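The structure appears right after this line, and notes come after that.
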């Protein structure tokens, strides 16, 4: 079963921490083909889901945009956000920030491959030999360490994607955009905040990886023996359905972490910033209500469905034309 263990803690948004790493016996040529085809898969699925992804980010971060004077009034929902974005910025604007998101796949997968074996050897516990809790703890530790290590190198791309996606035409200032592209995001952030501006929210993102993995594996191991019994044990659809429900359940439970990290990103270059992720966790619910931590969660679920649907169709095309399915590009 495919495991979506990404940082869009959505974070957690959708990059498997150990996905698409080639088996040790696979040659360099085959790895290169898998790597590139996985990149095509990632580009296809991410580009198809990009409009929903941008709407999710706009709804999630709208309160920071209002504070900065870049949004005149809150969005009333997914449909309202789609309509206003297309009306104010044009249909093509729904893909704003997607290029950075697609580019992020390649270094993420290369880094995952580089780190995965090292951390798996370091926390190499077996469930049947060492017991469930050692295996569970080792899984969290290895996944968290590998995810954080990879994230350190690609976080600025995630930051850039977030700022571009939330760069709606200003409600004040004649409809001007704040950034002209990814390079401009880096240039202005470094000028105003230095390197720290590119990594705002990084610490809570690392926590999010561990929380998501803990919820995912904890729920799966608890529910599988209870729900998948009898004929359901060999039913692939039942296994997929359980995995899908748990993936979305873990993603929804850890969604506030994604909201906090992205809203911290949005304060780079602004006069008022959160002192820390804990300060953000306290301020946001206190001023806006607890539900503000879940803004955009509905769009996030739709994004996952759209991405998975397109990816499934693309996988079938690969089998039809190449006789096999390459890496699924989940990063």
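The first residue you see is number 1, and the count goes up from there.
Cβ coordinates are placed from backbone N, Cα and C, and glycine is handled just like the others.
The repeat 'Solcar 1' annotation in Swiss-Prot covers 29-122. Annotated transmembrane segment per Swiss-Prot: 31-58, 99-123, 132-152, 202-223, 237-257, 297-317, in sequence order, evidence recorded as similarity to another entry. As annotated by Swiss-Prot, repeat 'Solcar 2' applies to 134-226. Annotation comment: Swiss-Prot describes 238-320 as repeat 'Solcar 3'. Per Swiss-Prot, region 'Important for transport activity' is recorded for 261-266. Positions annotated as motif 'Nucleotide carrier signature motif' by Swiss-Prot: 261-266.
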- Taking the transmembrane segment (31-58) as reference, the highest number of CB pairs under 8 angstroms among 132-152, 202-223, 237-257, 297-317 goes to 297-317
- Task: Report the DSSP secondary-structure composition of the motif 'Nucleotide carrier signature motif' (261-266) as helix, strand and coil residue counts.
- Result: 5 helix, 0 strand, 1 coil
- DSSP helix, strand and coil counts for the repeat 'Solcar 3' (238-320)? 68 helix, 0 strand, 15 coil
- Count up the helix, strand and coil residues in the repeat 'Solcar 1' (29-122) according to DSSP, in that order. 79 helix, 0 strand, 15 coil
